[in-house]
Amino acid sequence: MEALDLARWQFGITTVYHFLFVPLTIGLSVIVAALQTAWHRTGKHQYLQATKFFGKLFLINFAMGVVTGIVQEFQFGMNWSEYSRFVGDVFGAPLAMEALLAFFLESTFIGLWIFGWDKLPRRVHLACIWIVAIGTNLSAYFILAANAWMRHPVGFEVNEETGRAQLTDIWAVLSNDQAWSTYLHVVAGAFITAGLFVVAVSAFKLLRSRYYGDSGTPGDVPHRSEHDLFRATLRTGMVVTALAGALAAFSGHHQAQLMAEYEPMKTASAEALWDGEEGAGFSLFAVGDIEDGRNHVNIQIPKLLSFLATNDVNGEVAGINDVQRDLAAEHPGNGEVDYRPNIAVLYWAFRVMIGFGLAGVALSVAGLWLTRGSRMPDRPWMYRLAILGLPAALTANICGWILTEMGRQPWVVVGELLTAAGVSPGVGLGSVAFTLTGFTLLYGVLAVVEAGLLWRYVKAGPSHVVPNKEDGADDSDDSDGADTAVPAFVY
Ligand code: HEM
């Protein structure tokens, strides 16, 4: 193994870990802001409880997202100095905008939101969480614009003397079709994940209170108002997931068209399509021989790939062999490069992303039907199944990124810079192995802290939330006002 391989593993591991928190933060910021708005408009104590309860879970995720995001930036300087030299001029602008406009906005107003309860006027306090939500989503746009540029580089020219890409048109970078399309798709995935997070937490609380009582001890008396609260949040999470599911399918279709246009090798590899076809089918299950370049078994839905990739059921989709030939002819200076990414990984990542993601969406749609009117399912396994929606969504997101990033290989910037040319020249295998071990250990500890915190807050539940004095809260509050169950971080 070479330093390059290990550096790629390190980037992959830290990115996947970071991206467990990102979609939750993007989606939960808006859900919490919407819950607080509902409280502001109706004065119902239930919404205040939900805001504070899910607000805490959001804050834990937010903190983890920030910490793990900083590590991502270290990597550019550590293992990818040649890449940083090449893209630095172009990425400087969107990443500075992210820090100055979006991240400062988020971090300032999140502080005001945390400490401003009962101190700031209600409207101002509500505005704070909306600014956090807008900042979080703006942040995502700038980062994704930089990422999209690597798949479809625009608004730049390469300086022949320095060998660096120089920004010529920032607007072209920010309005790149790949940027806004990726943004819509990632935000859809984020809302599916956050919706299913709310569903999973609510289902867990309902399961415990319905079948085991509040304390988790069989025979305990169920907590009526918590039941109503979590029934409402369960359905809210399901509505969010169902709507985001429609956006994911729509934006995913657009992503597939851009992928076929800008990265035809990625499309062909994700479908194990060896030779170009008109009216190509979407593969459901294939077993093949990558060395030989053929499939032994390939079960397909006729014409669906052509529709996904070209918006025309009879459209032509290029195959792996065609694109390899074209790229070799286009880049003679690169020598004998195998332009095929890891076909097996791409093929399965594509299917798992769609399958797991849409299974979570289907679960929510079925859940909305089962909980219509005042109905509630009376089988514990149904609540357990609802909890499984969350790992399904996280897996779909991770597979989406694996498809995007591994599918771009061997390029780090499509058509401009090969990944092998982006690595830091002076960093050896031992150094990368050392930092990789360090990050893995650190991330292991962080995972335990995060899981422990989430578990404690979810278990403690929202009943410690006392109604605001001037609240006009409805009298369904059954809180005893004691917050002893919550270890810290009570705001
Ligand atoms: C009909 C369903 C879907 C289709 C057709 C679809 C299509 C795609 C395509 C083609 C890409 C690769 C884009 C590229 O590399 O240029 C992608 C990436 C991605 N997908 Fe999906 N997807 C679907 C559902 C989902 C769901 C349900 C989720 C999450 C819950 C999800 C999360 C992601 C993520 C995080 C990425 C990486 C970011 C990006 O490149 O946009 N996708 N998807």
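Each Cβ is built from the backbone N, Cα and C atoms, and glycine gets one as well.
All TrEMBL annotations are machine predictions without curation.
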Quick test of your reading of TrEMBL: among 234-260, 423-449, where does it put transmembrane segment? 423-449
Count the Cβ pairs between the transmembrane segment (20-41) and the transmembrane segment (382-403) that lie under 8 angstroms and are 6 or more residues apart in sequence, then report whether there are at least 3. yes
Per the Cβ filter (under 8 Å) with a sequence gap of at least 6 from its ends, the transmembrane segment (183-204) is approached by 22-24, 26-28, 30-31, 54, 57, 137, 140-141, 144-145, 230-231, 233-234, 236-245, 247-248, 250-252, 254-255, 357, 360-361, 363-364, 367, 383-384, 386-390, 392-394, 396-397, 400, 458
Suppose I define contact as three or more CB-CB distances under 8 A, residues 6 or more apart in sequence; do the transmembrane segment (53-71) and the transmembrane segment (348-370) meet it? no
